[in-house]
Amino acid sequence: SRNNFVRPKLTPIRVNGFVCKNPMEVNADDFFKAAALDKPRVTNKVGSNVTLINVMQIAGLNTLGISIARIDYAPLGQNPPHTHPRATEILTVLEGTLYVGFVTSNQPAPNRNKFLSKVLNKGDVFVFPVGLIHFQFNPNPHKPAVAIAALSSQNPGAITIANAVFGSDPQISDDVLAKAFQVEKNTIDWLQAQFWENNHN
C-alpha cells in the first residue's frame, strides 16, 4: 500500500568529488575568498611560499578548470623542482627576477630530457606544460621576488620531487633509490633523514 512506501534517502550529487550546490541556493560567497594575495608571505627553509587558491578554498571553482597562486621568494629562495599532474601553469613576475625552467619528458635522443630555461624580469610571463618537472629560483641575494601563477585545473596538485622521493612515508627502500640515483646507500640514508618541508599552503 501507499503507506508502506519508503522514499529513498537522497544523497548529494558530486562532481569531481565535490558536492554540487543547488543552483537556486548559490550566492556570491560561493565564488569569493578574501585571500589577501596582495600581502607578502613568510617563506620556509627553501625560501618560498606558495599560496594556492583552488576549489578547496572557492567552491564555485568546481568544474571551471582554473586556479591561481601567489608565490613569494626570499632572496636566493626557490620553488623547488615539482610537477602539477593535472595542470599547465602560466607564471608572471610581479616583483624581482626569477630564473625558471622545465625539463621535457623522456624524448628520443638527442633531445632526451631537454632543459628549457629563462631569466624573467618584472612583467615577464613563462609557461610550464602540464606534468613536466619545473622550478623557479630568485637569483638576487638581497631582494625578494613575487609571482602570480594561473593553473589550468581547479585542483592542479603538486608533487615536489625531493619531498616525494626522499620524504615519503613509509620511506622508499634505500636500495631502490641508491640504484636509481647511482649513489651510495649512506647518501640516500642521509637524504631521507632530512626534514622535507612543504612550501604549498
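The backbone N, Cα and C atoms fix where each Cβ goes, and this holds for glycine too.
Summarising the annotation, TrEMBL assigns oxalate binding site to ASN79, HIS84, GLU89. Listed in sequence order, the residues of the same chain lying 6 or more apart from HIS84 (oxalate binding site) and placing their CB within less than 8 Å of its CB are PHE128, VAL130, GLY131, LEU151, SER153, PRO156, GLY157, ALA158, ILE159.
Remark: GLU89 (oxalate binding site) has VAL127, PHE128, HIS134, ALA149, ALA150, LEU151, SER152, PRO156 as non-local neighbours, by Cβ distance under 8 Å and separation of at least 6 in sequence. What TrEMBL records for HIS82, HIS84, GLU89, HIS134 is Mn(2+) binding site.
According to TrEMBL, the feature domain 'Cupin type-1' maps to 32-189.
Sequence-distant neighbours of ASN79 (oxalate binding site): residues of the same chain at least 6 apart with a C-beta under 8 Å from its C-beta are VAL46, SER48, VAL50, ILE71, TYR73, PHE135, GLN136, PHE137, ASN199.
When pLDDT values are averaged over the domain 'Cupin type-1' (32-189), the model yields 95. Within 8 Å of the Cβ centroid of the Mn(2+) site, not counting the listed residues HIS82, HIS84, GLU89, HIS134, the chain contributes THR83, ALA87, PHE102, PHE128, LEU132, ILE133, PRO156, ALA158.
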